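What TrEMBL lists as oxalate binding site is N124, H129, E134. Among the features that TrEMBL reports, Mn(2+) binding site is placed at H127, H129, E134, H173. According to TrEMBL, the disulfide bond annotation covers C52-C67. If you look up TrEMBL, you'll see 79-227 marked as domain 'Cupin type-1'.
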Amino acid sequence: MVTYHHHKHHHHISLAMANVPQISSSILLTLCLTLFTNPALSDYLNPLQDFCVADLQATPSNTGYPCKSQVTSEDFFYSGLGTPLNTSNPKGVAANRANLMTFPGLNTMGISMYNVAVAPGVANPPHSHPGVTEAGIVVEGSVLIGFLTNNYTLYSKVAGPGDMFVIPPGLIHYEMNVGKTEARLLTVVASEWPSEVLVPHTLFLAKPAIPDFVLEKIFKTDGKTINMLRTKLTN
């Protein structure tokens, strides 16, 4: 076992304080203490740690899963994206996911990947991945891809095989197969465990439910329409 020694040069910190009088010493000291005593930050900043394969058998803490102690080459390879996809389901969309929970080697890497198939005429509902970018390439078919900015501007285009696209961080976007055959995409999201917020499902399937009178007011419609939408989304 190799032991690493960390030497703290306090006089360097003192010199830094002397050279930046516009920053109070108390603020600078607080920043240093925060950086070097916060467990999550210290793990992230550790220059001696090349990777941290997640140990999914362990109990996660609020900073995530601990690192696996015994790591092999297999931890850095994943074959699950090649599993056949079947869009014969009510949603008409199928996906293979390479993320933290299926590929623990991605832990702390800030990336995940998806093999997605969409049946003809089917749209992947408007959704967002808060705070992170998505990019992808169309492998088969014709896919209408669009995203909305925060000032309600729509950017969209029909993409075909070999076309790459990018969705800016956190923006609402969708994909629809506008061709006559099944479409397939390979996408990458800049997080090893990205959250996905489905806009219609968030509004109509929340638990506890958003009151009908609120939804009626928002969409300027009646309770019958709201119940119809909720039923269709549930099924």
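Using the three backbone atoms N, Cα and C, a Cβ is placed for every residue, glycine included.
Locations of recorded TrEMBL features on the structure.
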| residue | record | Cβ within 10 Å |
| --- | --- | --- |
| C52 | disulfide bond | 20 |
| C67 | disulfide bond | 17 |
| N124 | oxalate binding site | 20 |
| H127 | Mn(2+) binding site | 18 |
| H129 | oxalate binding site | 21 |
| E134 | oxalate binding site | 24 |
| H173 | Mn(2+) binding site | 21 |
- How many whole Å apart are the CA atoms of E134 (oxalate binding site) and H173 (Mn(2+) binding site)? 10
- Rounded to the nearest angstrom, how far is the Cα of H173 (Mn(2+) binding site) from the Cα of H129 (oxalate binding site)? 9
- Message: Take the mean position of the Cβ atoms of N124, H129, E134, the recorded oxalate site. Which other residues of that chain put their Cβ within 8 Å of it?
- Response: H127, S128, I167, H173, T187, V189, E196
- Item | Additional residues surrounding Mn(2+), by Cβ distance to the H127, H129, E134, H173 centre under 8 Å | S128, F147, I167, L171, I172, V189, E196
- Item | Closest of C52, C67, N124 to H173 (Mn(2+) binding site), Cα positions, recorded positions only | N124
- Taking DSSP states H, G and I as helix and E and B as strand, how many residues of the domain 'Cupin type-1' (79-227) are helix, strand and coil? 25 helix, 57 strand, 67 coil
- Task: Give me the Cα-Cα distance between N124 (oxalate binding site) and C52 (disulfide bond), rounded to a whole Å.
- Result: 33
- Mean predicted confidence [pLDDT] for the domain 'Cupin type-1' (79-227): 97
- Determine, to the nearest whole angstrom, how far the Cα atom of H127 (Mn(2+) binding site) is from the Cα atom of C67 (disulfide bond). 31
